[in-house]
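Taken straight from TrEMBL:
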DOMAIN    25-274  domain 'G-protein coupled receptors family 1 profile'
TRANSMEM  13-33  transmembrane segment
TRANSMEM  45-64  transmembrane segment
TRANSMEM  84-110  transmembrane segment
TRANSMEM  122-142  transmembrane segment
TRANSMEM  162-188  transmembrane segment
TRANSMEM  214-239  transmembrane segment
TRANSMEM  251-274  transmembrane segment
Amino acid sequence: MSKNLWWSIPLELLLLTFSFIGLISSLIFILIVITRYEFRQNLTLLLAMNLSFGGLITCVSMISQGIHMMMNSPEDRLCPYRSYFFTVGGLYIFEAAALQTLHRLIVIIFVHRRQWQNRCLFFFLALIQLILCLLGLLPLLLTNRFPYYPNANACYIALNDIFGVLYPAVSFYFTPLIFQSICSYWILRYVSRKYQARRKHDKIKKRIYKEKRVLARLSLPVFLLLSVGLIFFVFFFATILSNDQWKAPSYALHLSFMGSSAATGSSMLANLILTKPVKKILLSFLPKHPR
């Protein structure tokens with residue numbers, strides 16, 4: 001496809017910009033956590049780093065994809081693999097956010113079950129999640145369900161592929177989303193009942209507000225990626241069904257890729273800024289201006 005679409009270049013530049021923001025934010029977060037002993041002993045920070053690992057996979061894949069699109073290169077052997085790892089990274093972000101919420105549930109409700117707050121246990125759960133994402137999407141890769149579309153210079157799952165669309169959506173997107181929603185509701189209900197039972201009405205609203213703030217931060221990556229996913233499906237359902245595939249306009253594909261990179265980059269940057277211990281270390285490296 002000749003590069004005669006004036007709007008494609010700014011969208012691809014935005015794709016690369018957001019992807020680099022996400023990549024740098026993820027790398028900084030991971031490096032800060034693994035280089036400090038006290039952070040490596042903090043399960044909350046380790047789980048936040050696990051989220052950054054999912055963002056790292058996604059952003060590296062999107063940078064590779066963005067460069068390929070900007071160079072207007074023809075299909076290559078890496079095309080389906082870029083789409084595969086991009087999808088794996090997005091799925092793993094959902095899984096990592098659900099695992100963070102599970103940890104919050106255990107800390108708040110099952111605080112006396114110390115054995116459930118073991119780092120090795122959560123490391124094992126995170127490893128299982130990563131393996132499930134990798135192996136769960138492997139059949140789609142092996143059966144060529146990431147076809148190449150010249151209008152976007154990219155590979156993606158065709159919408160008329162019912163299995164290819166619904167299988168990852170239900171198994172790796174909506175299942176952890178439902179689990180995270182149930183855990184969040186359980187936490188808020190427990191906190192509300194606990195403080196009401198103790199008749200500490202002056203602290204009820206403050207405590208509930210704190211938990212809502214924490215849960216909102218944990219849900220932010222999911223919310224951003226889910227918003228992009230909804231836009232993605234709106235574009236595709238608005239297209240015309242032609243023979244054996246959905247013909248999506250080129251701008252819709254570019255917007256979808258750019259939206260995914262924006263959601264991931266923003267999520268990783270927010271994870272870096274909103275995690276106070278990591279933010280504090282990061283600020284200590286910045287030059288201080290004398291007053």
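Placed from the backbone N, Cα and C atoms, the Cβ positions cover glycine too.
TrEMBL entries are annotated by machine, without manual review.
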Proximity of the transmembrane segment (162-188) to the transmembrane segment (251-274), 3+ C-beta pairs under 8 angstroms: no
Highest-contact recorded stretch vs the transmembrane segment (45-64), from 13-33, 84-110, 122-142, 251-274, CB pairs under 8 Å: 84-110
Spatial neighbours of the transmembrane segment (122-142) far in sequence, C-beta under 8 Å, 6+ residues away: 43, 46-47, 50, 80-81, 84, 87-88, 91-92, 95-96, 99, 103, 157, 164, 167-168, 171-172
Integer mean pLDDT for the domain 'G-protein coupled receptors family 1 profile' (25-274): 85
Contacting positions for the transmembrane segment (251-274) when only residues 6+ beyond its ends and CB under 8 Å are counted: 5, 7-8, 11-12, 14-23, 25-26, 28-29, 48, 51-52, 55, 58-59, 62, 65-66, 69, 86, 89-90, 93, 149, 151-152, 154, 156, 217, 220-221, 224-225, 227-228, 231-232, 235-236, 239, 282
Long-range environment of the transmembrane segment (13-33) - Cβ separation under 8 angstroms, sequence gap at least 6: 39-40, 45-46, 48-49, 52-53, 55-56, 58-60, 62-63, 65-67, 69-70, 254, 257-258, 261-262, 264-269, 271-272, 275, 278, 281-282
